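Positions annotated as region 'Pyrophosphorylase' by Swiss-Prot: 1-230. Summarising the annotation, Swiss-Prot assigns UDP-N-acetyl-alpha-D-glucosamine binding site to 9-12, Lys23, Gln73, 78-79, Gly140, Glu155, Asn170, Asn228, Arg333, Lys351, Tyr366, Asn377. Summarising the annotation, Swiss-Prot assigns Mg(2+) binding site to Asp103, Asn228. According to Swiss-Prot, the feature region 'Linker' maps to 231-251. Here Swiss-Prot flags 252-459 as region 'N-acetyltransferase'. Per Swiss-Prot, active site, proton acceptor is recorded for His363, and the stated evidence type is sequence analysis. What Swiss-Prot records for Asn386, Tyr387, Ala423, Arg440 is acetyl-CoA binding site.
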Amino acid sequence: MSNRFAVILAAGKGTRMKSKLYKVLHPVCGKPMVQHVVNEVSQLGLQKLVTVVGHGAEKVQEQLGNVSEFALQAEQLGTAHAVDQAASVLANEEGTTLVICGDTPLITAETMEALLQQHEEAGAMATVLTAYIEEPAGYGRIVRNENGHVEKIVEHKDANEKELAIKEINTGTYCFDNKALFASLSKVSNDNVQGEYYLPDVIEILKNEGHIVSAYQTEHFDETLGVNDRVALSQAEIIMKNRINRKNMVNGVTIIDPSNTYISTDAVIGSDTVLHPGTVIEGNTVIGSDCEIGPHTVIRDSEIGDRTVIRQSTVHDSKLGTVVSVGPFAHIRPDSVIGDEVRVGNFVEIKKTVFGNRSKASHLSYIGDAQVGEDVNLGCGSITVNYDGKNKFKTVIGNGVFIGCNSNLVAPVTVEDGAYVAAGSTITENVPSKALSVARARQVNKEDYVDQLLNKKKS
């Protein structure tokens, strides 16, 4: 196997997207298009990877980091001109160079590997990735000679009747002998309507010089989809979503309604977990085995333990233990750590809190900036009052504490192990271990008060 290099074309603005966000940074299943391409290309054993950037160069470089070198195409003068910007990095190298667009998020490493192998086995100077489609209108046609090699690529508008009948099309992905590529780029002309330098012209140059130009026809046309507008973006999203869902189902995850379930490419889900309709799993989420998620649940960048149930709730940037029950309509906000066998019930919000094993907040509570021990019961309407309008303060609740309904714990405050707080209390001072704290006005009954009040209103 020869040395391998790759050039990703990511300089276009994407005018048809009608967006402030640069085209290749538009996400597909939660990840920018160009990141999908880089992740797949990086599996090919490359010696060097160069991403050609232009519009939004800094943002693209920030997204990709140090996994790629970068070349700047300050003025967009066509695809051949874009590749030529990588000359300072690659022109003197010997080997094979893959050229692919950064707006093809569905391409897989397997397809690109097959393309490279075809190129190397054929001893070609260039190899074109092609596909067969029944309705090829608008695509360049691949004309092969008697040896099966590429004779020429004919654009749809330039094709004759015989060529229009060809259903093998150019996908816009190529590999080249690296030295031949950069030698040919200087020969490409911009004598065309757009005044641009086009990469397919390199194919014609090499062919006219007597070199072999081969083609590899992929069976997976959907992988070659180029995203140029929001319609194509939605198509890519659907295809990627279906691919991810299928992979998870093959690995033992039950997805009740795949058309209404969204899973990020980086999520990991254990076997025998069930996902109900309306479930959205984003980012680097890890979900254990035998869980039940949804319906209508969002989990982002979180770790969920085995045998946990989350219904109609939201979990962000948090860690949940095993056998946890969440929801319905609960919200676990970032930096929360929920222990094992915990109950977080309906309309409970937890933020930046450590919540101990076997503890419960079953209804209508806000627990923020708190440390909750084990075997704690927080009654309906329990609130940690953590904010004074300027600063956040911490509430500490020990093991075995029982907080009565409709209680306010005004932070900073500590309720020590085994203490009880009476319903309706507003706690502003620490509660000692095993004490009962009552902080509410004493009840007063005024006999016959209602009759007196009504008579007063009548007079």
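Placed from the backbone N, Cα and C atoms, the Cβ positions cover glycine too.
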Legend entry - Site extent for acetyl-CoA, whole Å (max Cα pair distance, Asn386, Tyr387, Ala423, Arg440): 22
Inset, instruction - List only the single closest residue to Asn386 (acetyl-CoA binding site), chosen from the binding-site residues Ala11, Lys23, Gly140 by CA-CA distance. - result: Lys23
Legend entry - Close in space, distant in sequence - the residue listed as 'active site, proton acceptor', Cβ under 8 Å, 6 or more apart: Gly345, Asn346, Phe347, Val348, Cys380, Gly381
Inset, instruction - Would you mind reading off the Cα separation of Arg333 (UDP-N-acetyl-alpha-D-glucosamine binding site) from Tyr387 (acetyl-CoA binding site), to the nearest angstrom? - result: 16
Inset, instruction - Which residue among the binding-site residues Tyr366, Tyr387 has the fewest other Cβ atoms within 10 Å of its Cβ, if you could check? - result: Tyr387
Inset, instruction - Please report how many Å separate the Cα atom of Ala423 (acetyl-CoA binding site) from that of Gly78 (UDP-N-acetyl-alpha-D-glucosamine binding site), as a whole number. - result: 72
Inset, instruction - Look at the binding-site residues Gly78, Gly140 and tell me which residue has the greatest number of other C-beta atoms within 10 angstroms of its C-beta. - result: Gly140
Legend entry - Among Lys23, Gly78, Asn170, Tyr366, which are recorded as binding-site residues, the nearest neighbour of Asn228 (Mg(2+) binding site) by Cα: Lys23
Inset, instruction - Among the binding-site residues Asp103, Tyr387, Arg440, report those whose Cα falls within 10 Å of that of Leu9 (UDP-N-acetyl-alpha-D-glucosamine binding site); none is a fine answer. - result: Asp103
Legend entry - Listed in sequence order, residues with CB under 8 A of Arg440 (acetyl-CoA binding site) and six or more positions away: Ala422, Gly424, Ser425, Thr426
Legend entry - Distance [Cα-Cα, Å, rounded] between Asn170 (UDP-N-acetyl-alpha-D-glucosamine binding site) and Asp103 (Mg(2+) binding site): 16
Inset, instruction - Could you say whether, by DSSP, Leu9 (UDP-N-acetyl-alpha-D-glucosamine binding site) belongs to a helix, a strand or a coil region? - result: strand
